[in-house]
């Protein structure tokens, strides 16, 4: 098992562009009331940096590890979704919702179905049902079922991320901790969006949404580094 200190030393420098791009977003803090391609670029830039972070491990690594590839493709859909949400008030909210639904399905596929952890899934299903019940009075038209489907998809993704999480024992791996933490933060970000849009204004909602979102994406990207497929297979293929 790779120690967290080793991870920071080896992966930290590759994440520097991501941290810089995130700082640029929060420093510039372009008004959401005036959407433009510049604001879309600034918002998507940290996600672009996470593309580069995964590509820095080599195209061969991505090709040899399907779970890492799915996370990379999920990041691509995330960037498209981010761009759509820049123009959400102009009618592109549903487009962004669909892009992120695809992202969550790709992430869930990357996290896999083992272990199943049915009890965890049941608890999450109940909590997501309560959340949807909170949103329901503010939903109308297509949003009534679109939001419901989206809540189900992101709940499934979080369930698969936390199902393999073991904090103690020999089976503990930092990748599962990164995936689980990232998935939970993603859900916090999206829940804040839902409450702010369909229930009531959330104080400092944009700062809360974007900080948890960027942290979530970074952690999920980081979880792909020690892939769920045996790394020995990749090392042997690389040696050959």
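Backbone N, Cα and C atoms are what each Cβ position is placed from, and that goes for glycine too.
Per TrEMBL, the feature transmembrane segment maps to 37-56, 92-109, 116-136, 142-162.
Long-range contacts of the transmembrane segment (37-56) within the same chain: residues 14-15, 17-18, 20-22, 24-25, 28, 30, 62, 68, 71-72, 75-76, 78-79, 82-83, 86, 214, 217-218, 221, 224, each at least 6 residues beyond the stretch ends and with a Cβ under 8 Å from a Cβ of the stretch. Sequence-distant contacts of the transmembrane segment (116-136) (same chain, at least 6 residues past either end, Cβ-Cβ under 8 Å): 144, 147-148, 151-152, 154-155, 158-159, 162-164, 191, 194-195, 198-199.
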